[in-house]
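Over in TrEMBL, the protein carries these features:
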- 1-32: signal peptide (SIGNAL)
- 72-105: repeat 'TPR' (REPEAT)
- 287-320: repeat 'TPR' (REPEAT)
- 300-333: coiled coil (COILED)
- 341-409: domain 'J' (DOMAIN)
- 398-407: compositional bias 'Basic and acidic residues' (COMPBIAS)
- 398-430: region 'Disordered' (REGION)
Amino acid sequence: MESGRRKGLSGVLSSLSLLCVILDLQLDGVLGATHVEIEQHLEMGRKLLAAGQLAEALSHYHSAVEGDSKNYLTYYKRAAVFLAMGKSKSALPDLTRAIQLKPDFLAARLQRGNIFLKQGNTQEAREDFEAVVSLDLSPWDPESRELRAECYIRLGDPRKAIQDLTPTTRLRNDNRGAFLKLSTLHYDLGEHQESLGHVRECLKLDQDDKECLSRYKQVKKLSKQLDSAEEHIQEERYQDAIDKYESVMRTEPNVLYYTNKAKERICFCLVKVDICSEAHQRDPRNINILRDRAEAFILNQDYEKAVEDYQEAREFDKENNEIREGLERAQKLLKLSRKRDYYKILGVNRSANKQEIIKAYRKLAQQWHPDNFREESEKKEAEKRFIDIASAKEVLTDPEMRQKFDSGEDPLDPESQQGGGQGGQGWPFHFNPFESGGNYHFKFHH
């Protein structure tokens, strides 16, 4: 019996020994993997990842991580495969472990920050991005600068991103990527000329670079439209300028700066309240839009709103002389409108030309001629209206007098002229025909 038990025990021990040998053989190269073997796993993982064989690459990175749990790069590279597979949640623990092993590992922090941002964890993302931008970098390390620039972009600070990226164009022999990103950043900021300059530098390095060529065509087209529109404005060809700015909005509908710019300049050209109001809603602190809308209100003879817009613009820029002068003029016009508004008397717009003014004058003068009325009270009212109509025509058809009135001064008001008016009680000629009595027979001349 005892002999049998010994043989049984001996058999169990032999089996356990065999099992240990088998397990040892299976784990050899993993738990006991040498540095060379781990590097082989990493290299195979890299090649398979580049070939798009993600599952096979992941298997090798698993082996590399299990073989060396203290190597931050193995965790980072496995996280890269998870990200390539669209498994950001699986990548997150590996990136965190890589950062724990190497807190100043910028690339891992940047990738983790991106994942947090996509998950809506904005506070965690900001902490990672700020950790990257707060690190001191070697001025000669382009990779670190590029990583920090990416963080600045994520943090919404493109200016600092530009500051970091600009030196990298000189630190690398062929840094087309930096030139392209700089071009994009300047473009989004509305600096189309700077954008054009950077993308041209990219094409100097490789004139067939597809991304740079595509960007160049877009920026060149937009720049040409913007420059052409401003030339039309300088030449007072406002309709042509409007057409160009409408083309700008079609060329670049996705960058808010150019839409706002186009709306502002179209507002300037059209001087229409609705266009300016839309532009103002998009950019409420833009004093140019407020100025143009105030001028639109003046053209519409809505002086109170014109004063309000100029006052608002003045709050944003108290040193701007143009705004100050515009406010003073709008206030004068408001005061003047409470007395006599020659445009309203004739029923014409402030932009009416001489022919339109004379046409309106003729129609109203015939309508309000005193000979058309028999009752004494009606005749007196008609006489007053007739004098106002004639005064309005005289002021608005005389360029010098009209300019004075448009600047807020009534050329027929004795108080404004400091020497009395022309003729009797505002009558614009050298006599008042109503003082002589008798019949009223008038001929209307151009």
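Every residue, even glycine, has its Cβ placed from backbone N, Cα and C.
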Within the repeat 'TPR' (72-105), residues counted as helix, strand or coil by DSSP: 27 helix, 0 strand, 7 coil
Number of helical, extended and coil residues in the compositional bias 'Basic and acidic residues' (398-407), per DSSP: 8 helix, 0 strand, 2 coil
Model confidence over the repeat 'TPR' (287-320), averaged pLDDT: 90
